[in-house]
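K.L.:
Annotation comment: Swiss-Prot describes 62-100 as repeat 'WD 1'. Positions annotated as region 'Disordered' by Swiss-Prot: 144-164, 388-437. The repeat 'WD 3' annotation in Swiss-Prot covers 182-221. Per Swiss-Prot, repeat 'WD 5' is recorded for 276-322. What Swiss-Prot records for 406, 421, 422 is phosphoserine. Taken from Swiss-Prot, the feature repeat 'WD 7' applies to 492-526.
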């Protein structure tokens, strides 16, 4: 990443910035400077940038009123300048005169994806639609008999020789079609839905409203995240993700922290919060592209009053980059370039920022999204009125009875022939491209207690592994699979397969490939492309498909969990419900929204593990047919041992990974400070003197049992040593004696025995989680030797270990 921050103007406040393919426009008070992008590369000097303001390659536009916002269309063909005197529209590279001035003051301005719709805001929102008309220009020759003071009108039919040339040119204008009134004060941010269905607006009245463009009605009004919003902001510039799935709204407050509230499409929930700024936020903007390396993600840039800029990855709760001290004042606007690798920003103290990123920092771009036409929803909403209007016009213009009908009039009144009605036109029709959409709901999901959201069907899906690459291409009629791998000779080979339904998910290991389709079927292939099983039909549409080693695990939309051993062609257990994971969060007065599954995977031993949005991690143990909570946010604040374990290979331990995920989910939800205040209040009360010590011991015991049930050899050994040292330090002799007795077992069993024996009413195994119990007892005796109070107990078991070794 390259950083470039020149100070363009002294004692001038910038208010907005916008970029196109060739130009960058910045506004300062009553002036707009349109600069070539050549001046903004990091190799340019600050002196050259400042000199360019008065150079011949810079266009300077001056206005009588202060400028609050400027925006290029996405293709860079038009520039809109919002002022208190009106909105000025310019054609690109024709800066001498605005081709249209929209009356009325404007504080914010926003273009739709194709530039057919324009929205401006003050206390109300004005919607304009592009209108393209044809203007005919006729140049007439002057004859020598013509009067110099009067030029007679010459028609084409009467004198064709007098016409020099006739040309037609398109004339673009924008018509006001609707004024939306719903906010109580100024609107500080506007953002169009890339799919053309909605318009989002954020106002200083502490609300964010989503408007449906087909009816201009309120689809959703959101107020809770902005109830404690500070009032010192100049702008509230929000942004819509390139796939239309999320809205990034600024200046939300969660537990006293300034956050970016991510609003999800359709449900309009705001469970995701990006925490990282120390001051109120002015603007947030999505990168215009989605990136798929290492997984699908979108990039967000945000700026606040603290003068720093943060770059976020939506797949992670923490910012991927934070750039401090870029400006002494707050940044008021951020804009990505059309390439997606440059970020421009302006601040109130006259600084212009350029952050230039490398492709390796974001990953590979996904395929270009095919957006629908901006005006499709306007046309659909008005089609009925348009038909009625045409019918009335036909009745009024039809010829009266008894009057002759001219040929020209009959041609005008005759409806145009339908192209789609002829057989030849049907053969000429091109197949429609596959558009990303949600899967068709399975009938069983309509009556289920659980409804898990299914991933969108995408035109292309790429699964890259170290042993091969699987490429999925969905079409309207069928789906194509292409797998590339290396054979035993080291040569690259590939195989293909066609499926009759759209593919939702795909995954694989070195043992098999698995793909899940929209009709609730799972196809399993060998690495060479051989179909290992007939299609496996599950209860509903698959939502999660994970695999590891020989095991394949699937969760369907009705909440049922399936797991198979593909090598042995058998199910590990019958389908299990995930209903216990979706518990409701009860409070005194209401029932809050329940958690959702954020991550899901399966271990090498075939144990499925789910990480929830509230930070809890659950594992299903088939021996007891129950879900176990292996990690939760309660331990994060009260335990002294919260954090990852350092392994010998410098790899993160499985339990450490689960606790890190719990940490991220709690911070993402903004609950960390609440738990910290709760624990501090408890520790100050009388009778809670040993609170931290007891919570730490319970945390270690939970780790021990979790690693034992999940067969985690390294985690069990390390946590057992920590647990033994902790109870020895606290002088808990009964716990130490009980632990040593369990690890020693019956003396009649040889030291290296592997068979399970019956001791009283229970069975005793010489191993646990892949570790020999008596070897673990040796490690405990060595690590607790320095505690004098425990030597009387450990010395007895040391003698018993010597006796068992002689057997």
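Glycine too: its Cβ is placed from the backbone N, Cα and C atoms.
Looking at the shown structure, can you explain where the listed features end up?
P.N.:
Along the repeat 'WD 1' (62-100), the predicted structure has mean pLDDT 91.
Proximity of distant same-chain residues to the repeat 'WD 3' (182-221), defined by a Cβ-Cβ separation under 8 Å and at least 6 residues beyond the stretch ends, is recorded for 107-113, 117, 119, 121-125, 127, 227, 229, 231, 233-244, 247, 249-250, 263, 268, 283, 369, 371-378, 380-381.
Note: the repeat 'WD 5' (276-322) comprises 0 helix, 28 strand, 19 coil (DSSP; helix = H, G, I, strand = E, B).
Cβ atoms under 8 Å from those of the repeat 'WD 7' (492-526) belong to residues 434, 439-440, 442, 454-455, 457, 461, 463, 465, 467-468, 470, 472, 474, 478-486, 532-533, 535-550, 552, 554, 556, 566-567 of the same chain, restricted to positions at least 6 beyond its ends.
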K.L.:
What are the helix, strand and coil residue counts for the repeat 'WD 7' (492-526) according to DSSP?
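P.N.:
Taking the repeat 'WD 7' (492-526) as a whole: 0 helix, 24 strand, 11 coil.
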